[in-house]
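Taken from TrEMBL as is:
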ACT_SITE  H253  active site
ACT_SITE  E308  active site
Amino acid sequence: MIQKGLKGIVAAETLISHIDGENGRLFYRGYEIREITKGFSFEETAYLLWFGHLPDEEQLSALKDELKSNRELPEYVKVAIDQLPPAMDLMSVIRTAISAEGGQLDYGWKPSVSQAIRLTALVPTIIAYRKRFLEGQSFFPPRSDLDFVGNYLYMLNGKVPITAHIEALEIYMILTLEHGMNASTFSARVTASTESDLVSAITSAVGTMKGPLHGGAPSGVIELLDEIAMVGDAEKVIREKVLRGEKLMGFGHRVYKTHDPRAVALKAKLMELVGENEWLDLAMTVENTAVKLLAELKPGRLLYTNVEFYAAAIMKAINMDAKLFTPTFTASRMVGWTAHVLEQAENNTIYRPQSKYIGIHNKS
Ligand code: ACO
């Protein structure tokens, strides 16, 4: 029997995260995500995912130092980025820059946590460096007095961000650090299962993340909301799209058959951050209308907002350019990908499913 899209197939055992899709719950290393977003920082959560336990003060400080000391791009990576055509999309730039980073340093088998930390530290710098380069502006070098998320926002804008913006982005980044065997993580694990290096596994993952059905969805959410704002009739736009067989970006999930807990947490943060706001009102109207219409037009499919729907709204609230949404998702998901590659390497079997030939036999 063929399981299209490998739906429902369990491909590996993992200790990293658990998704309870029926009840809309997500756990990192046994800690429920809503508890994590209440009290932990990006770095503490990354530590938890990489090492399997929460850090003490000394371990946390050592991780922060290691991330900071790996933020600078090597000259050859900068040169590689500078050479790329200006029209190249940012996800392809990240994929290429990571590949270039792997060109000179030793990323051979087996992958290590220090390689994982280095690659994770570099991605925000790659994004900011390319953004400033395209704007024809000089790059704002990383600041060692700022932690991961604050420094990322600083490198993008050249201003020390306000606490509310750091908090909003940090919640988003924590919520998207890891999510089981999603398409990009699977991609990373497949590449690692051949005993290829961490850089190759991560470039596979970045390429997979780029697609609109996975990490590319937030920009699609903005387009959907803009179109609805222009037409002024959410029901009409949504109904027509669904009847045409289009997918509504930011809705539906392979695993969650109820509310995505990440969308719930982001929505709550957004309400706290912006309160009464025209744009948030529009997002909530679209959510309510779409959920109602999807229940009518796609009965029994259980379609609700996913993390990307309110991610787009959070990014909009902190004035982040839509082009940076998927790259920012990538910057956080680096932690999950690398944790999975490390886990794969510890107990490796090459992934090699089969296909069923349905063409003609004995052509001649
Ligand atoms: N809008 C309209 N209909 C939808 C949507 C949607 N967003 N999502 C699923 N459906 C419908 C499908 O058309 C299908 O209907 P059918 O049975 O009549 O053919 C049914 O619901 C089941 O859909 P599948 O595509 O089989 O569900 P699957 O689990 O394969 O897909 C996915 C999940 C890819 C997320 C899908 O819901 C989708 O494309 N959503 C829009 C893109 C998006 O928001 N992606 C971000 C996901 S979160 C993340 O990657 C971080």
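Just so you know, glycine gets a Cβ as well, placed from its N, Cα and C.
Caution: TrEMBL annotation is automatic and unverified by curators.
Between the CA atoms of E308 (active site) and H253 (active site) there is a gap of 10 Å, rounded to the nearest whole number. Within the group of active-site residues (H253, E308), the Cβ with the highest number of other Cβ atoms inside 10 Å belongs to E308.
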